[in-house]
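Participant: This is the structure I have questions about; it appears just below.
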Amino acid sequence: MWWKLFLKLFGEGTSSSVLAEDSKGLIHFNRSLNMYLVESKGGAIACMILALLSLGTWPAILTLLERRGRLPQHTYLDYSITNLLAAIIIAFTFGQIGSTKPDSPNFITQLAQDNWPSVMFAMAGGIVLSLGNLATQYAWALVGLSVTEVITSSITVVIGSTLNYFLDDKINKAEILFPGVACFLIAVFLGSAVHRSNASDNKAKLRHFEMTNQEASGPSTEIETKVTKRTSEKPKEGTARFLIELENKRAIKVFGKRKIIGLGITFFAGLCFSLFSPAFNLATNDQWHRLKQGVPKLVVYTAFFYFFVSCFIIALILNIGFLYHPVLGLPKSSFKAYLSDWNGRYWAFLAGLLCGFGNGLQFMGGQAAGYAAADSVQALPLVSTFWGVVLFGEYNRSSRKTYLLLFSMLFMFISAVAVLMASSGHRK
């Protein structure tokens, strides 16, 4: 089983308390509770790094499918199925290891307990995460993968990490944490500036292309959206022809859309993302003392299951609604059309698994080192930007101003991630 391999890699043993790489104290799993929980700072950071890679990759997959013309409603429904599947796998493996105990019940036992206050917090977190993920589908097209991820992640850290810091009883080092939060806040403004600058660059390219066409074939009242092939050569990334051909292929049309719409959707998504981690924190640690006397707190794996159940339900309701009442000029579809659309379905399934396991690793690390420090996985734009530049040719042939803003934005992110990880504490 995959989880047995994971345990072996992270230090499974036979004593009541298992320690891998003992001399360095890197990974510590507590087996005295009959359940494998990440407890050390090193183990938490390892989880965060794995989560960072997973959470930075799945947006690129969904962006690729949209650019190939697949409706985002179809993609998100597929993604949601495997997203829930990841939570179920985690719950029935890590959440079921060992026999149950009164103070630390396993997953099945907790399902029957009177822990609904904590369950509601977990489900509330799933709802806002689903709304945020759904919104980013449209923001990726309108604003771009890199900038969308930077702005949403920065807002998540600025608001979410501040809330988690106080919920975690200030176990993170404030003198380190908040300078890191400030770096993320600066990155928000730099991200907005990158988007505006890059949008201006694209407009200039299209305007020049139109003027060239007018000189060659007479006046034209609008930008041609279908380019006559003058050559068999594939258009170079970043050129006007590349942008126009991309517009013809993609599901969400971006020409003529106002910048403020994309930025508005992006900021809404960031606000949603900033609330899901504090809600999950409340679900697993009961800082507001909503559970009845003697009722154990939700184990992270149980909370994760409820979290993604609500995430799936909201995604199902909203995306089925968007099939028949689409937004942003998308064509109508139907549930029957969705079921028969297998173009890119397996890629969407993969994206759901990556996101599900990535969030699981984030929460496992947060339970050990503090959820404020675990928000360092919001550095996923570093991974997303790599995919955006390499896979989609974002910012190719942009202006020097755009490049300067882009590098400044990424520098602030690298600084913020390093500082945020350095603020990691240890939950007692």
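Using N, Cα and C of the backbone, Cβ positions are placed for all residues, glycine too.
TrEMBL does not curate its annotations; it predicts them automatically.
Take a look at what TrEMBL says about it:
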type	residues	note
TRANSMEM	44-65	transmembrane segment
TRANSMEM	77-98	transmembrane segment
TRANSMEM	118-135	transmembrane segment
TRANSMEM	142-164	transmembrane segment
TRANSMEM	176-195	transmembrane segment
TRANSMEM	260-283	transmembrane segment
TRANSMEM	303-325	transmembrane segment
TRANSMEM	346-365	transmembrane segment
TRANSMEM	371-392	transmembrane segment
TRANSMEM	404-423	transmembrane segment
Participant: Can you tell me which recorded stretch out of 44-65, 77-98, 142-164, 303-325 has the most Cβ pairs within less than 8 Å of the transmembrane segment (260-283)?
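Facilitator: Highest pair count goes to 142-164.
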Participant: Considering pairs 6 or more residues apart, do the transmembrane segment (77-98) and the transmembrane segment (404-423) have at least three CB pairs under 8 Å?
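Facilitator: Judged by the Cβ rule, the two regions do not touch, with the required three close pairs absent.
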Participant: Which of 44-65, 142-164, 303-325, 346-365 shares the most C-beta pairs under 8 angstroms with the transmembrane segment (404-423)?
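Facilitator: Per the Cβ count, the answer is 142-164.
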Participant: Using a Cβ-Cβ cut-off of under 8 Å, list the residues of the same chain that are 6+ residues beyond the ends of the transmembrane segment (142-164) and lie near it.
Facilitator: 56, 59-60, 63, 132, 136, 177-178, 180-181, 184-185, 187-188, 190-192, 194-195, 198, 252, 254, 257, 261-263, 265-267, 269-271, 273-278, 281, 328, 366, 370-372, 374-375, 378-381, 384-385, 387-389, 392, 394-395, 406, 409, 413, 416, 420
Participant: Report, as numbers and ranges, which residues of the same chain sit near the transmembrane segment (303-325): CB under 8 Å and 6 or more residues beyond its ends.
Facilitator: 73, 76-77, 79-81, 83-84, 86-88, 90-91, 95, 107, 118-119, 122-127, 129-131, 133-134, 276, 280, 283-284, 332-335, 337-338, 356, 359-360, 363
